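Student: Below is one structure. I have some questions about it.
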């Protein structure tokens, strides 16, 4: 562990680091002066050494001096701080724009100028958290889909949230900005060095606030361009494949196997692996009216979420196949035993009805 | 010829005061109420401390061992609420009740029946808050700052209990503050002009105005949370035309003056103790008064420095940065004045003085990290990390709590009429001093190297420092039982204390009252020259 701020990998983060060190040194000097005077008095003006108390108890001159000098020091600090702040808060003329959307407890990245968007979720699994599996080196600081950015380009971030307030923080860029639901915040960075940079959500956003890491991979421009082309192609291919799924029918074993996987990854954090939820916080799915009632209503809840509650819309986060599987799983696991199998076309039907 | 005081003494003999439990329930006496506030505060300190121990035990190692993340959040939330509203604020109110009448030459507080109420509603507020932990869904889990919409849309059902508990705490604080102001304005002894008031009285006088100004703001904020959650309003919901950031503006408009409410009376205490044990008058009395007033004034202009990352126009960020930096000037003046008071004094190191010296050094360290936090561009890096946790614990534990400890040792002989065990006092001091620094100093490092606040689990690189911090935490918690034992021993078997046990102490409570002070402090107002 480093015991100090890191200088980071952007011009701004280096300025911030220098500002931090300057103010730290000024504080140290003031501290040494004040505490030395105090400890001098403690050692030399002790009653046990026969010290006789002096009679002075005010001096307008001295008091004016020690009001004015700190004031001047503050002006000295404020000048570089103002310069850095003005530079930090100028997101104009960006080369590319990324929309960052927080939700409980994942990040969604959307490349504004391209056909590409994806979710980024913690990659350390709960078995590591509970100590049943060995913790990997980047425990709690690893995600399934890192954000990839080009080196040397001005990247503008637009921050927002789907539910509560989150805060997107990567220390190496000196960027920390709140993602507020219903509003959009701006921030920017220009990364100097290729590498992998890690951060975390910095605003208390509920139960899994500690499990919402951020990973950014900075690539040289050509590598970034080829990565982008590849991802865009894959994204479009996936969209097309989704459409083909509508015609397919999956059997129960396949649905249940995939459904369990999706459930554990996307639903178990709230509804718990045993489907019993957390009483008073997150409702149970086992024997619940939604999971055992009308299929279309169940699909609607999973796809569109429930406004005003912690239940998010999973329609965009999960593919059609995954949605069909997880809904089938919820309707047949933990003794729910409805026997209902949901197919991709059922999900599409509900989506179309909503539109 | 019988004097007023003899008549009064006679009257007191025939006074049919209730005995047993009802004596405490019905009492209107400032000393009884002061003692009850102090005992209540210590109880809450232990309860809130126990929650901190849960937090530190969970963070002792990476991974989740003892509690689930939801319960962890309840612990951090309730720990904060209890320490702010249950431990620090009532302790100061207890000290105000005990000391203000004795310091200004009054028989009691000006509004004794209201005083009884303002204390007795507190246990109900905290019972409600603690009971919410046992509700289905658990207690409040959204941090002591309860930011919307986490607290309005995504909170457990116990939020209503939390809101009502805060309302009651706020009412209690306002009643206490009104009492302090009325007492100071009306019951001063003849000749006790404002510029002769002891600094503890001055700092409380200013604090009381802060309380009256900001507690209604908090009441407004929690009421809006209540209606947003239960009655369909959308003050803090963008989808209904509200704004979640508005919540933070309202909360911190209360919250920033609140942190000064928790430190200004400390300045008064330290300004009494440092001169007493330096055997020298306080340096710069009038500049101390003006500094306190200007800190209080500035505290209303800096609330948004808690919210630099929420997205504000750069002009606003600059304004709040400059105002925040300015607070270090009057605060610096205070520290310089205390050092100048010690300079060329004749110093001894009884326990109250040890705590007071530790206060100056450690509070100043908290002040330095506060100045660093004021610098907006760097604050983006510090904000919501353990650096902030270190900062406010230096100010609130080694600041406010240490000053309360210093006050307890300093005035204990006057309260009980007995001397405390100096050896135990020093043991308590050294154990607390060492453990509190092991507890909070390494948190600066955790924050700088990137550990966010309020997380139940953390990356492996933070493991060693967290283990050290937790050990410091357990040691600090245990050390406080030495204090409890010391107080009980003092009450039961201390040596009788003279009226003025400290050679250098000054003030009506030492010069004009015996130890222990009589039930009604001054039946005849003393003449102040």
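Just so you know, glycine gets a Cβ as well, placed from its N, Cα and C.
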Student: Tell me which range among B:8-30, B:77-99 TrEMBL lists as transmembrane segment.
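Tutor: Going through B:8-30, B:77-99 one by one, TrEMBL gives transmembrane segment for B:77-99.
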Student: Using a Cβ-Cβ cut-off of under 8 Å, list the residues of the same chain that are 6+ residues beyond the ends of the transmembrane segment (B:424-447) and lie near it.
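Tutor: Answer is 350-351, 354-355, 358, 362, 369, 382, 385-390, 393-394, 397-398, 402, 405, 409, 462, 465-466, 468-469, 471-473, 475-476, 478-480, 482-483, 485-486, 489.
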Student: Can you tell me which parts of the same chain pack against the transmembrane segment (B:36-57), counting only residues 6+ beyond its ends and a CB-CB cutoff under 8 A?
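Tutor: Result: 24, 27, 66-67, 72, 75-76, 78-79, 82-83, 86-88, 90-91, 93-95, 97-98, 119, 122-123, 126, 130, 401, 404, 408, 469-470, 473-474, 477, 480, 484.
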Student: Find the member of B:159-187, B:199-226, B:259-277 that has more C-beta pairs under 8 Å to the transmembrane segment (B:319-340) than any other listed stretch.
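Tutor: If we count Cβ pairs closer than 8 Å to the transmembrane segment (B:319-340), B:259-277 scores highest.
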Student: What stretch of B:77-99, B:119-139, B:159-187, B:199-226 shows the most Cβ pairs under 8 Å to the transmembrane segment (B:289-307)?
Tutor: B:199-226
